[in-house]
Amino acid sequence: MLYLIGLGLSDVSDITVRGLDTVRKCKRVYLEAYTSILMAADQESLEKYYGREVILADRELVEGGSDDILAGAQTDDIAFLVVGDPLGATTHTDLILRARELNIPYNIIHNASVMNAVGACGLQLYNFGQTVSLVFFTDSWKPESFYDKVLENRQLGLHTLLLLDIKVKEQSIENMARGRLIYEPPRYMSIATAAQQMLEIEESRKEGAYGPETPCIGVSRLGAPTQAFRADTLEQLAEYDAGEPLHSLIILGNRVHDLETDFIAAFAPDQERLRKAIKDDAQNFKKPEPPIVNMYDD
Ligand SMILES: C[S@@+](CC[C@H](N)C(=O)[O-])C[C@H]1O[C@@H](n2cnc3c(N)ncnc32)[C@H](O)[C@@H]1O
């Protein structure tokens, strides 16, 4: 059996009881180590807690060597550990599809994910639209596909959760060109970098999906004892030092419920500025016209 087990968000002990019992009986235990990090744990502390060897699974192994992970899983139990929920924002459906092809049964043991724990900021999960990812810009590569999704969400008055890039085990262009297997230190995008990149793209697109005054929430270290939220305008968050990773960013929709406003006001360094930004933003909300259906067209 292949078990996909969620580890939750922060501590070794965030694993569920069922998850832990399963890890302890599995023949091999892999830790998916490139889409998120368990903020207060590492391979060594996990091994100690489980009393089992933990094999780090990088992108290369998961995407190119899934048959190695699945080897023997027709008869043995194999655990594949994922930070957060195994299917929350990181979908390991490829691994499941390969297991199905090989007639390997699988079982998913869920846990908290950034996708639901973000509700702790006080915004209603019902009022979120499409989640988007933001990648690190380079001088020559500034992918902006996130912009259209934020625009669509904002046209519906919905909040947008932006998940921020993580770079682990990346090679510099020079090392790659020379075929040297030297990896750069891990990098985690900060709330400030995310806000700056967003402002840069609005500056070039000028379609008004959002602007410097748009109210946002910076989310840091969800689920950890140092969890923090910062409610302010996008422009202010571009200067905000949120500390240690992990970070996410929320662009508010432009029809924030009064209860949401009251809840998030506690996270604002300047409540008046936040309330004004929310009020001004609400003026921009125009209910989209229903599509015109011509009954006489075929
Ligand atoms: C690709 S998602 C992985 C989601 C994970 N499987 C889950 O269910 O939570 C990783 C991104 O989500 C965000 N994220 C994950 N955990 C977080 C946390 N505890 N606090 C803030 N942001 C977090 C960060 O932007 C991070 O780069």
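Placement of Cβ uses the backbone N, Cα and C atoms for every residue, glycine included.
The average pLDDT computed for the domain 'Tetrapyrrole methylase' (1-238) is 94. The annotation domain 'Tetrapyrrole methylase' is assigned in TrEMBL to 1-238.
Annotated S-adenosyl-L-methionine binding site per TrEMBL: Leu9, Asp85, Gly88, Ser113, Val114, Leu164, Leu222, His247, in sequence order. Non-local contacts of Leu222 (S-adenosyl-L-methionine binding site) by the CB criterion (under 8 A, 6+ apart in sequence, same chain) comprise Leu9, Ser10, Val114, Ala117, Val118, Ala120, Leu246, Ser248.
According to DSSP, Leu9 (S-adenosyl-L-methionine binding site) sits in a coil region rather than a helix or strand.
For Gly88 (S-adenosyl-L-methionine binding site), the Cβ neighbour count at a 10 Å cut-off comes to 20, with all displayed protein chains included. Residues listed for S-adenosyl-L-methionine, Leu9, Asp85, Gly88, Ser113, Val114, Leu164, Leu222, His247, cover a largest CA to CA span of 17 Å.
In the three-state DSSP assignment, the secondary structure recorded for Val114 (S-adenosyl-L-methionine binding site) is helix.
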